[in-house]
Amino acid sequence: MSITIDTSVDIDLPTPPQSNGSQKRNLLLAPPSVAAHEEKLRDVFSTFDRSSTDLQMLDRLSAGFVSLPPNTYDLVLVLTDAQSDEAVRLLTRDVYTALVPAMKAGARLQLQQGSLGASEGLEAILAGLVEKDGGFEKPVQEAAVPLKLGGRKKKDKTNGVNGVQNGVATNGASTNGVGMFDPAQNNDDELIDEDALLSDDDLKRPLPRPQNCVPETAKKRRRPCKDCTCGLASQLEEEDRAREAKAAQDLNILKLNTDDLNDELDFTVQGKTSSCNSCSLGDAFRCSSCPYIGLPPFKPGEEVKIMNDMVQL
């Protein structure tokens, strides 16, 4: 009698389909002007696979009514209408704020036709995208590499009895060269009192003081201290008062009273007269028979000659 063992599987369950993690996903952003024409959307979906493509409205995304899954899309295509620039106008900062986190590293954003202007491109750059080949890409973040800082090597354990380290006696041995400086070992250093460095003779020695508060630079004016007790402040005040009094005295030399301004000023030389004794020196010539009539007064010592009834100065 022979026994045969059946090793076949009695229940054959179907293998679940494995999801292709490398499949790229696309996001189509349509303005209301494009979404109103069904034939345009049908033409777009004939190019993209419907199973890996999502369609969202730009106005709803701008208003915050739609939330996008993070780090999902490899391509973001903004549908445009040749008759209107509504799609470009709807690409505001709020749209980029919701759109950029949903893009994978290296994902691309572009228009169906044309390219973004300067202002729209600036908003994309401020959102973290990089301009490349007429579109914008999300840069790949490089992984941070940790740096290992070199520390001090741990010392091998030594025997406290004979001072043996790895079979070699280390008692009394020293390492030649310059060792590493460890700030942790200097935490217990005591501060030195500066007064302890002075002897008794140094403490008894009087401090040198400048005589009469004379500054080092003679060109600068001497300035007293705030609480001056050496008399320099009072001396400077007296000098200032004397200087002000002298300046006021110099001004009073040419000072005229109100009554003096109303009187006629006399510019003649007192005690001296002309040859005819009719007018004094410095006065105008008024006599009808005077040969100098009508002329200004002569200067002292000026030689005057009369030739052909003409005065020659």
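Here the Cβ of each residue, glycine as well, is placed from N, Cα and C on the backbone.
According to Swiss-Prot, the region 'Disordered' annotation covers 1-25, 151-187. What Swiss-Prot records for 20-145 is region 'N-terminal SAM-like domain', and it gives sequence analysis as the kind of evidence. Positions annotated as region 'Linker' by Swiss-Prot: 146-203. Positions annotated as compositional bias 'Polar residues' by Swiss-Prot: 159-177. Taken from Swiss-Prot, the feature region 'Fe-S binding site A' covers 213-230, and the record attributes it to sequence analysis. Among the features that Swiss-Prot reports, [2Fe-2S] cluster binding site is placed at Cys213, Cys225, Cys228, Cys230. Residues or ranges marked as region 'Fe-S binding site B' by Swiss-Prot on the basis of sequence analysis: 276-290. Summarising the annotation, Swiss-Prot assigns [4Fe-4S] cluster binding site to Cys276, Cys279, Cys287, Cys290 and lists sequence analysis as the type of evidence. Taken from Swiss-Prot, the feature motif 'Cx2C motif 1' covers 276-279, and the record attributes it to sequence analysis. The motif 'Cx2C motif 2' feature in Swiss-Prot is assigned to 287-290; the stated evidence is sequence analysis.
Put simply, Cys287 ([4Fe-4S] cluster binding site) is 74 Å from Cys225 ([2Fe-2S] cluster binding site) when counted between their Cα atoms. Residue counts for the region 'N-terminal SAM-like domain' (20-145) under DSSP, helix first, then strand, then coil, are 44 helix, 33 strand, 49 coil. For the motif 'Cx2C motif 2' (287-290), DSSP puts the residue distribution at 0 helix, 0 strand, 4 coil. Looking at the motif 'Cx2C motif 1' (276-279) alone, the prediction's average pLDDT is 66. A straight line from the CA of Cys290 ([4Fe-4S] cluster binding site) to the CA of Cys230 ([2Fe-2S] cluster binding site) spans 75 Å.
Cys287 ([4Fe-4S] cluster binding site) is 74 Å away from Cys230 ([2Fe-2S] cluster binding site) when you measure Cα to Cα. Cβ packing within 10 Å was compared across the binding-site residues Cys225, Cys228, Cys230, and the lowest neighbour count falls to Cys225. Take the binding-site residues Cys287, Cys290: by the count of other Cβ atoms within 10 Å of each Cβ, the lowest one is Cys287.
Spacing of Cys228 ([2Fe-2S] cluster binding site) relative to Cys287 ([4Fe-4S] cluster binding site) is 74 Å (Cα to Cα, whole number).
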